[in-house]
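These notes concern the structure reproduced below.
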């Protein structure tokens, strides 16, 4: 462009035409006005001589914009040019794109669009943008406005063009678009929803960080809902993939570790003098919770008890026997520690299929413990399931029942409410993952996929397919109480261990442990995300066997 | 002058003879003494000592030294059953490097109560279990449940 300018300067002053020329000269003059500038034409650019001044000025503006802010260049990447050698139009297109970056956006919430002379669009949800009247104010405000300087005046037009580029704004727009799409689905306006979800998709790709990722997953889920394309993954390989993802989630953030360690502490406190302990784990997965418990039992004053573990997992395929293999691994670990160990694996399609006889409990000699980490909410998909399971729980007479569940309200009847709740919940979760700079990236990516599957289920599935029916602690309390279970307070030991654990994470400042009426809640910033609680049979004595 | 020198040489010869009669004391012959000395060192000094020579490096692997280091600040002293458990899980040296040193580095003012000890041991058991059993299953990536402890905190 500099080269161009120089060329322009050289030929700026057209050679003076002598007066009183014959018609041939007048013709030539007329021709000159239509002809392209010769020197620039040699370089491949077509600029009319008469427009040279204008083009030069606009080029200067463009250069200033692009050199001031590299974000401008990403905005410009999307513009389509048809004839770049036509410099005048090209510069016009570039400048008008910079002035109206959202010119092709739908205005999703239908809020008011300000078509004032200042050529700005009001961004929905933000306070109205007040333009300054005076010119020559060239300092940038906090929202990175780029002011094209006072030389606009010489153009004779009053285009006070301002470029607004602010990543926070795109985040707000993203949220608004998502909510608008959900509203459209709620009102069964699927065409509008379809258009909006595409909008969200493109907005999300330009948004960096946690917000962009969350928005992408939600947009995919919304699209699946619009096209009614949700298929529950019932094949066993899907179950194995789920376990792999959960392992990565275990490695990358403290939620599962918190769940396991606090539940273990509650169990330890309940079985302090028991000689035989039988734990029934409603979701054994890879058994990551139990090595730590076995180690703590081994260190008990008086020596370890006999530790019996019944692990419940998804139905097995014919060739694989992963539950038994898991049992062998745990047995080996127990042997190293010197803890007597027994294992039994139960494969069940749904927890409500379990009957008390399947556990082969020995009530005279053993202390029974039931442990459920993120498993109970799945039963809410079928009516009657949770009641049946809790009746089974009561029938086996456990000394303590430890429950860890997500602290969210994702089981409302109205889709829009569920959607809003889920959006806030998973935004917090992704935020907490995002700040962990110390993570190897594969763990984090897989954790995001793990959460993305939950998002898909909450948003796109319905009926018995929708298993991620998270409920808050208060609702679980009501449920447990009506099933005949009373709360057991978690001790300060669990709280201290949890606090130490969280402070070890690189983003320890963001995580919070709270005690809520005897239950422990782990949250990110101000938002509680998971809750550990413990229960016993109503009327059972408080003394721990 | 030469006489003086002869005298000096004679004297030093005598001295050498005298010294040769007494067996030289070399600390490297007494490993138990070395262990006792190492037990009283702090972490960085112990690591420096382990770099001195092969013998010292071998002596420094003695787990009782690391046990002392781990529990210096803990009172009351944990029970003997802890020793067998920790040995089964890989020993005190690994426990120190994997769990206790990062915790101390991350939280220098932490009071070493039973709870912190319990937490460290829980993390250590998970690590051991993963290393033996889960690592291969997750593919080539080594188990990383303690990865969050290894990387430095981004302290602003």
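All positions are counted from 1 along the displayed chain.
Any Cβ shown, glycine's included, is placed from N, Cα and C.
Marked as domain 'Transcriptional factor DELLA N-terminal' by TrEMBL: A:37-102.
On the 0 to 100 pLDDT scale, the model's mean across the region 'Leucine repeat II (LRII)' (A:325-357) is 91. Residues or ranges marked as region 'Leucine repeat II (LRII)' by TrEMBL: A:325-357.
Taken from TrEMBL, the feature region 'SAW' applies to A:460-536.
The feature motif 'VHIID' is assigned by TrEMBL to A:277-281.
The feature motif 'LXXLL motif' is assigned by TrEMBL to A:376-380. The list of residues near the motif 'LXXLL motif' (A:376-380) in space but at least 6 beyond its ends in sequence, with Cβ under 8 angstroms from a Cβ of it, reads 282, 350-352, 386, 389, 403, 405-406, 411, 467-471, 476.
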Intrachain neighbours beyond the region 'Leucine repeat II (LRII)' (A:325-357), with Cβ under 8 angstroms and 6 or more residues off its ends: 282, 284, 286-287, 290-291, 294-295, 297-298, 304-316, 375-376, 378-379, 382, 384-386, 388-389, 392, 395-396
Summary of DSSP states over the region 'Leucine repeat II (LRII)' (A:325-357), given as helix, strand and coil counts: 18 helix, 7 strand, 8 coil
The motif 'VHIID' (A:277-281): DSSP-derived helix, strand, coil residue counts: 0 helix, 5 strand, 0 coil
Structural state census, the motif 'LXXLL motif' (A:376-380) (DSSP three-state): 5 helix, 0 strand, 0 coil
Secondary structure content, the region 'SAW' (A:460-536) (per DSSP, counts of residues): 27 helix, 26 strand, 24 coil
